[in-house]
Amino acid sequence: MGKNVVVLGTQWGDEGKGKIVDLLTEHAAAVVRYQGGHNAGHTLVINGEKTVLHLIPSGILREGVQCLIGNGVVVAPDALMREITKLEEKGVPVRERLRISPAAPLILSYHVALDQAREKARGEAKIGTTGRGIGPAYEDKVARRGLRVGDLFHRERFAAKLGELLDYHNFQLVNYYKEPAIDFQQTLDECMAYAEQLKPMMLDVTAELHNLRRAGKDIMFEGAQGSLLDIDHGTYPYVTSSNTTAGGISTGSGVGPMYLDYILGITKAYTTRVGSGPFPTELFDETGATLAKRGHEFGSTTGRARRCGWFDAVILRRAIDVNSISGICLTKLDVLDGLETINICVGYKNENGAVIDAPSDADSYIGLEPVYEQMPGWSESTLGVKTLEELPEAARAYIKRIEELVGAPIDIISTGPDRNETIVLRHPFA
């Protein structure tokens, strides 16, 4: 019997999922993306060579692994083709291994224009989107007016729907946001050109996943962003437009929850966040700057500097509950090397002095103060360490304390960016 293993982020994204997916796909026949779009940025380092993927599953760098894009992913044809071309220039065979669900919604030029116009209009109150059209594309999907990958192959039907959509969206762009209209013919011509390239890659991904499952194959489900950016369970409204938590797997791939065997929660050894929104443990001092510098905390999609702070056990407990996490992968432990002391947030204090758990919306974070537990740091380097026993005693104590605070085992520890710089205590596919 094969196993279905999920890899998802437990914080605000950028936890290091790409490396771990790449590591574990050694055992997988297929890797599937089930939500998000090219707002994701998964960085992989193999033998010192860095590759950043935005839409294509991270398993593409493993020879022979099938890569699938499920119906829950919003697909920008231009971004996808750029990514395919870049990989093919490196000698990676993509088209014969990548398959895309015909039910995946399309991101087109008017979605990008709307996304950017809205952020511009919000000014200081902006949400901090990547400006890549993700939100507007999901809006069209939910409103049942969106175009999907499968529509590309029916020119007349596509053109009729596109005309209606542009009438609707251009009205907003021109009259409300005072931005230029999107041209119908140019958009149609571009889409039809992409259709020819995408047609050989279209496949009923849900049916393929169940065929693989029945054949006893191991399958990896690759999440994008992080649990606290979930549209329902995140720090609303400073969230993304998809379900980044485990519930999104079934809706975004068509594989029911009973078929999921193990859910691995990727967790950074400290906390980061990109863009606006609450961040109780954020550091504005030299320590925060040190974490950012050592951890190279700049977004792989936008290049934006990430906000850095201490490890927050409160938000991780919430993520473990919401996702039914089987085990944790702790990443970037080496970034903490050399710190004299390390703080862990164990709770929040409100104006009444009470320690409370993680709120369910952004406004409820206002006025909360983190309650810290201080632990000794370590001077030794953990970079590239391959066994638990080799880690400094203080680092092992830090890991153990996190397990105690969140009630879940740490099964994998990442000690560097390369796939080989990893300690595997319990293998998800075992």
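Cβ atoms here come from the backbone N, Cα and C positions, even for glycine.
Copied from Swiss-Prot, the annotated features are:
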- 13-19, 41-43, ARG306, 332-334, 414-416: GTP binding site (BINDING)
- ASP14, GLU15, GLY16, LYS17, ASN39, ALA40, GLY41, HIS42, THR130, ARG144, GLN225, THR240, ARG304: IMP binding site (BINDING)
- ASP14, GLY41: Mg(2+) binding site (BINDING)
- ASP14: active site, proton acceptor (ACT_SITE)
- HIS42: active site, proton donor (ACT_SITE)
- SER300, THR301, THR302, GLY303, ARG304, ALA305, ARG306: substrate binding site (BINDING)
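Between the farthest pair of Cα atoms in the IMP binding residues (ASP14, GLU15, GLY16, LYS17, ASN39, ALA40, GLY41, HIS42, THR130, ARG144, GLN225, THR240, ARG304), the distance is 34 Å. All chains included, 8 other C-beta atoms sit within 10 angstroms of the C-beta of GLY303 (substrate binding site). Looking only at other Cβ atoms within 10 Å, the busiest spot among the binding-site residues ALA305, LEU333 turns out to be LEU333. Taking ASN39, HIS42, ARG306 as the recorded positions under consideration, the smallest Cα distance to GLY16 (GTP binding site) is found for HIS42.
A separation of roughly 16 Å, to the nearest angstrom, links the Cα atoms of THR415 (GTP binding site) and ASP14 (IMP binding site). For GLN225 (IMP binding site), the Cβ neighbour count at a 10 Å cut-off comes to 27, with all displayed protein chains included. Put simply, GLY303 (substrate binding site) is 10 Å from THR130 (IMP binding site) when counted between their Cα atoms. LYS19 (GTP binding site) and ASN39 (IMP binding site) have their C-alpha atoms 17 Å apart, to the nearest angstrom. Cβ neighbour count for GLY41 (IMP binding site): 20 (other Cβ atoms within 10 Å of its Cβ, all protein chains included). Cα of ASN39 (IMP binding site) to Cα of GLY13 (GTP binding site): a distance of 11 Å. Of the candidate recorded positions, HIS42, GLN225, GLY303, ARG304, the one lying closest to GLY13 (GTP binding site) when CA atoms are compared is GLN225. Cβ neighbour density within 10 Å is lowest for THR43 among the binding-site residues ASN39, THR43, THR130, THR415.
In this structure the alpha carbons, written CA, of GLN225 (IMP binding site) and LEU333 (GTP binding site) are 20 Å apart.
For ARG304 (IMP binding site), other Cβ atoms within 10 Å of its Cβ number 13.
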